[in-house]
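As written in TrEMBL, here are the features:
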type	residues	note
DOMAIN	20-449	domain 'Major facilitator superfamily (MFS) profile'
TRANSMEM	21-45	transmembrane segment
TRANSMEM	61-81	transmembrane segment
TRANSMEM	88-106	transmembrane segment
TRANSMEM	112-139	transmembrane segment
TRANSMEM	146-165	transmembrane segment
TRANSMEM	177-196	transmembrane segment
REGION	206-234	region 'Disordered'
COMPBIAS	211-221	compositional bias 'Basic and acidic residues'
COMPBIAS	224-234	compositional bias 'Polar residues'
TRANSMEM	264-285	transmembrane segment
TRANSMEM	297-317	transmembrane segment
TRANSMEM	329-349	transmembrane segment
TRANSMEM	355-377	transmembrane segment
TRANSMEM	389-408	transmembrane segment
TRANSMEM	420-443	transmembrane segment
REGION	452-479	region 'Disordered'
Amino acid sequence: MTQGGAAAREAAKPQDRGWAWMVLLAAVLLQGLTLGFPSCIGVFFTDLQHDFQASNSETSWFPSIMVAVLHGGGPLCSILVKRFGCRFAVMLGGLLSGVGMVSSSFCQSISQLYLTAGLITGLGSCFSFQAGVTVLGYYFIRWRTLANAMASTGVSLGFTLWPLLSQYLLDEMGWRNTFLIFGGILLNCCVCGAIMRPVHLASESPLESPKPAEEPGRRAEGAQLSNGTSPHPELQQQTRTACFQMLQKYLAFDIFCQNKGYQIYTIGVTWMMMGFALPHVYLVPYAIQNGVEERKAALLISVIGLINIFIRPFTGLLSGHRVFTGRRIYLFSLAVLLCGLSNFICVISAEFSVLIIYCVILSIAMSGIGALTFQVLMDVVEMDRFSSALGLFTILESITLLIGPPLTGLLVDITSDFHYVFYNSSFFLISAALFMGLSFCALEKKNKSREASKVPLDNHSGYQYNEMPTEPQSETQSPPVVMYITSI
C-alpha cells in the first residue's frame, strides 16, 4: 500500500520529464520573442529618424526605454508571479507586448513610441521573459542547469532571426506595417504561457502560486479603517516596518553596504552597461552611413546572434569547471575587456568585411559576459539572499541601460561623428573591466591576510540556491518561489 502510494506520487511529479520538455521549448521561444526582440530596433533607426525628423539622441530613447524596462521590471514581475502565478504573468506580458507594438504602428511622434513600444512592450517582454524562466525552476530540479542553458539559446536565435525578418518586412511594407505584424508575432507569448500549466505538490496545492502572507499590522489596520477610526500609531509603525522589510526583501541595500564583493561587482556591471548596449543600437546606422547596403547592415546583428548560439553554451560549460571556481570574476572581467577592445575595429574601418570580423570578436566576448553574469553574482552573494540581491542589481543596471544610448546619441548629434559611439563604449567597458579585476584582486589579498588570524566561516564558499528555507528539503532541492532573471 505504501509502495503503491509512493509510486503514484512519483508518477505525478512533472519535474524533469514529460511535459517539462514542452515547457522548456516554450521558454526557448519566449526568450527569442522577448530578449531577442530589441536587437532589431537598429534596423528601423534611420527610417524613424527620417519620418519623425528626430535626432540621434531622441530616437535612441525608444530602444533604451524598452531595454531598461525589460531588465528593471524584475521586482514588479516577481510580485505578479507570487500573486497570480507564472502562467498568468507570461500571458499578460504577451498581451502587453502585442498591444504595445500594434499601438506603435499608429504613433504620430517619437515621444508616443516611448510609451507604446518603449514602456508597454518593454514591460510586457519583462513579464513574459522573467516568469518564463522562473517556471523552469518548478519543472526542472535535476536538470535545472541544463534547462536554463538550453533556454538561453532562444536569445541567440532571436538575435539571429529578428534583424533579418525586420529588414525584409521593412523593405516590403514600411515600418508601420512591420510593427503591426510584430504585434501579432509577440502575441505568441500568450501561447507559450498557456503551455506553462501550474505545477502541483503531492498535497494538490499549486506550487507556482503561493498565497502571500498578510501582515498582522495590515489586517489590524484594515479592521480599524473599516470601522471608521484612525489607525493607532503602533499600527502605523508596524506598517512602516512591513514596508521596509518588503523593500529589503526585493532590494538588498543591506547586502550592498556590507558585502564588498557584491558592492564592487554591482558598481562595475552598472558602469559597464553605460557602454554595453551602444553597438547594438548604433551598429546598423553606422554601417549604413558608411555605404554598407541596408540588408548587409542588418546581417551584422544576425552574425552576432548566430555565433552566440554555439559559443554561449560552450562558455557556460567551461566556466563551470572546478578549475575556475572562485576565479570566474576574472574571466568575466577578461570578457568585458575584450568586448571593449573590439570596438576599436570599427574605428579603424567601416568596410563590411571588417565589420564582420568585429561582430565575430564582439559575439565571443558577449557570450562570456552573458554566461558568467549570474554565476559570478552567485559566487559573491549568499544564496538565501540571491533573489533580493539580484533585484537591486537589475534595477541599477537598467538605469544605465536607459541613459547610455541617448547620451551617446547627443554626442553624435553635436559632433556628427559615429566614431564616438565606439569610443564611448570602449571607455565604459575597459574601465569597468579594470575596476572589477583589480578590485577583486585587492579584496582577495586582503581576505587571505585575514584568514591567517581568523577561523574561516562555515559554508562561506559553498552556497546552494534555495529560496524555500521555511520548509524541509527533500532529497532534491525545491525550486525557487521567486526569481529575478535578466539576460545580457
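Every residue, even glycine, has its Cβ placed from backbone N, Cα and C.
Keep in mind it's a predicted model, so treat the numbers as computed, not measured.
In this chain, the transmembrane segment (355-377) lies close to the transmembrane segment (297-317): three or more C-beta pairs between them fall below 8 angstroms, excluding pairs fewer than 6 positions apart. Comparing 61-81, 177-196, 297-317, 329-349, 420-443 for CB pairs under 8 angstroms to the transmembrane segment (146-165), the maximum falls on 297-317. Among the recorded stretches 61-81, 177-196, 297-317, 389-408, 420-443, the one sharing the largest number of Cβ pairs closer than 8 Å with the transmembrane segment (329-349) is 420-443. Residues 22-23, 25-27, 29-30, 33-34, 37, 44, 86-91, 93-95, 97-105, 117, 121, 124-125, 128, 131-132, 135, 166, 169-170 of the same chain, all 6+ positions outside the transmembrane segment (177-196), place their C-beta atoms under 8 angstroms from a C-beta of that stretch. In this chain, the transmembrane segment (420-443) lies apart from the transmembrane segment (61-81): fewer than three C-beta pairs between them fall below 8 angstroms, excluding pairs fewer than 6 positions apart. Highest Cβ contact count with the transmembrane segment (61-81) among the listed stretches 264-285, 297-317, 389-408 falls to 389-408 (criterion: pairs under 8 Å).
Long-range contacts of the transmembrane segment (264-285) within the same chain: residues 38-39, 41-43, 45-46, 60, 63-64, 67, 163, 256, 297-298, 300-301, 329, 336, 339-340, 343, 346, 355, 362, 369, 373, 376-377, 380, 392-393, 396-397, 399-401, 403-405, 408-409, 412, 418, 421-422, 424-429, 431-433, 435-436, 439-440, 443, 488, each at least 6 residues beyond the stretch ends and with a Cβ under 8 Å from a Cβ of the stretch.
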